[in-house]
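Undergrad: The structure is given below, and queries will be raised subsequently.
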Amino acid sequence: MVVPNGEGDKTAAVVGLQFGDEGKGKITDYLSGSYDVVVRFNGGTNAGHTVVTDEGTFKFHLLPSGSLRTSYVVLGSGMVIDPVALIPEIEIVRKINPALKIIISRNAHVVTKMHRQIDVEEEKIRSSLMIGTTAQGIGPTYEDKYARTGIRMVDISDIDLIKEKIETMYRMHSNLLANTEFSNLAKREEMAKEIYEAGIKLTGYLDYTEVAIDRLYSQGKRILFEGAQGVFLDPDFGFYPFVTSSNTISASVYTGTGFSLRKVNRIIGVAKAYVSKVGEGPFPTEITGDLAKQLRDLGGEYGTTTGRPRRVGWLDLPMLKYAVRIDDVDEIAITKVDTLGMLDTVKVCRQYLIDGKPIDYVPRDMNTIKKIEPVYDEFEGWGAISDSISGRKISIDQLPSKLVKYIKYIEDQVGKPIGIISMGKERNRTVRIIK
């Protein structure tokens, strides 16, 4: 049962409604103070979540964004984990939240340096069909997972098994790696040793996470699931082939953790007040030129993982409606309203036209997408939002009237309530709206 205004939910999931980079980390951090457990269920270091607190700015790629405030964090079996990259994140979090209990799936697959190299080599082969990969080795790791040749977290305290699996992986990908440093056996053995040394440090955190999560749930713990990326990067429901390699929708809570989606009380979809994207692929409402640079600079739109400038565009309601339906969200959290409001004129895509005729769906084949003509509605910018508007809950009447108009317009078009807005980097600038 969904509880009004999200109060008292025993379980909830946070998922992205666009191309990732929506601000899920900030929303998760805001919510995590009310939850005992935060669980990640997909992706790896290709995710980048930034959290700003009184203690400083923290960027997470593997640990959930709620790690600073909650009691338990879980890395589920649907993730792919770089054990070498994970250790520094744990060390940082321990300084802020020393009592945090960390549980890592024994069955999660391991990202290696060799996978990163394969990622680079595969992108070269794609040539004109490049997808703009983050080169974090995520796709190749999932490839090895489904080829049944991958290394799992449970393997990484066994040096002989690591070496054996690395050699199998090398033979599988030798055509790509022949002219790289990994053609050298000594380099592969050095990589195996590095994984093993990290594995020794992480072994104590390993568990069957599907059992651990169910146990915590049975003990009455409140659980928050944190997704990575967004609907339009999902390989089944996004703009294929410009997608990631793990499923990103809310149903992935089940496949990535073993926890039934029927037990999730609330699904919160996160969207920016505009749209941003890293990498290649379709972007129907993309803004270019000076206005794009202005919006990018106002919003600090540079990738947490890659540092690349993000592409930016107007809020796309056909995409948002589609994502809300696929994720079956109960409410929407809107981020970066402070950034968008600084523009004199704000546009929203209300409708797609193809060959001059309206359509009521989001095409996902490249030839049709190229024909999309967005139809826009325009709003006046609402300017700077007062610093006095902060705290966990506010009345909608405290917001600028032009922003309220924008929020209500989106709610009317999409048919879901906007329950949370974020209007700045600081933790206290994310608020629940009381209407």
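Including glycine, each Cβ sits where the backbone N, Cα and C put it.
The annotation GTP binding site is assigned in Swiss-Prot to 20-26, 48-50, Arg310, 336-338, 422-424. Per Swiss-Prot, the feature IMP binding site maps to Asp21, Glu22, Gly23, Lys24, Asn46, Ala47, Gly48, His49, Thr134, Arg148, Gln229, Thr244, Arg308; the stated evidence is sequence analysis. Per Swiss-Prot, the feature Mg(2+) binding site maps to Asp21, Gly48; the stated evidence is sequence analysis. The active site, proton acceptor annotation in Swiss-Prot covers Asp21 and rests on sequence analysis. The active site, proton donor feature in Swiss-Prot is assigned to His49; the stated evidence is sequence analysis. Residues or ranges marked as substrate binding site in Swiss-Prot (evidence: sequence analysis): Thr304, Thr305, Thr306, Gly307, Arg308, Pro309, Arg310.
Would you situate these features in the structure and describe their surroundings?
TA: Here Gly23 (GTP binding site) comes close to Val270, Lys272, Ala333, Thr335, Lys336, Ser422: these same-chain residues lie at least six apart in sequence, with C-beta atoms under 8 angstroms from its C-beta.
Around the Cβ of Asp21 (IMP binding site), the number of neighbouring Cβ atoms within 10 Å comes to 30. DSSP assigns Asp21 (IMP binding site) to coil in the three-state reduction, placing it in neither a helix nor a strand.
Following the DSSP three-state reduction, the secondary structure of Gly48 (IMP binding site) is coil.
Around His49 (active site, proton donor), a 10 Å sphere centred on its CB holds 27 further CB atoms from the protein chains shown.
The Cβ of Pro309 (substrate binding site) lies under 8 Å from the Cβ of Arg296, Glu301, Tyr302, Gly303, each on the same chain and at least six residues away in sequence. Secondary structure from DSSP puts Pro309 (substrate binding site) in a beta strand.
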Undergrad: Taking the residues the record says bind IMP (Asp21, Glu22, Gly23, Lys24, Asn46, Ala47, Gly48, His49, Thr134, Arg148, Gln229, Thr244, Arg308), how far apart in Å are the two Cα atoms that sit farthest from each other?
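TA: So the maximum pairwise Cα distance among the IMP binders is 34 Å.
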Undergrad: Could you state the CA-to-CA distance between Arg308 (IMP binding site) and His49 (active site, proton donor) to the nearest Å?
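TA: Cα-Cα, rounded: 15 Å.
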Undergrad: So, in DSSP terms, is Gln229 (IMP binding site) helix, strand, or coil?
TA: coil
Undergrad: Considering the binding-site residues Lys26, Arg308, Arg310, which residue's Cβ sits among the greatest number of other Cβ atoms within 10 Å?
TA: Lys26
Undergrad: Output the one of Asn46, Thr134 that, of all these binding-site residues, has the highest number of other Cβ atoms within 10 Å of its Cβ.
TA: Asn46
Undergrad: Between His49 (active site, proton donor) and Thr134 (IMP binding site), find the distance joining the two CA atoms and give it rounded to the nearest Å.
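TA: Approximately 15 Å lies between the Cα of His49 (active site, proton donor) and that of Thr134 (IMP binding site).
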Undergrad: Which one is closest to Asp21 (IMP binding site) in space, judged by CA to CA distance, out of the binding-site residues Gly307, Arg310, Val337?
TA: Arg310
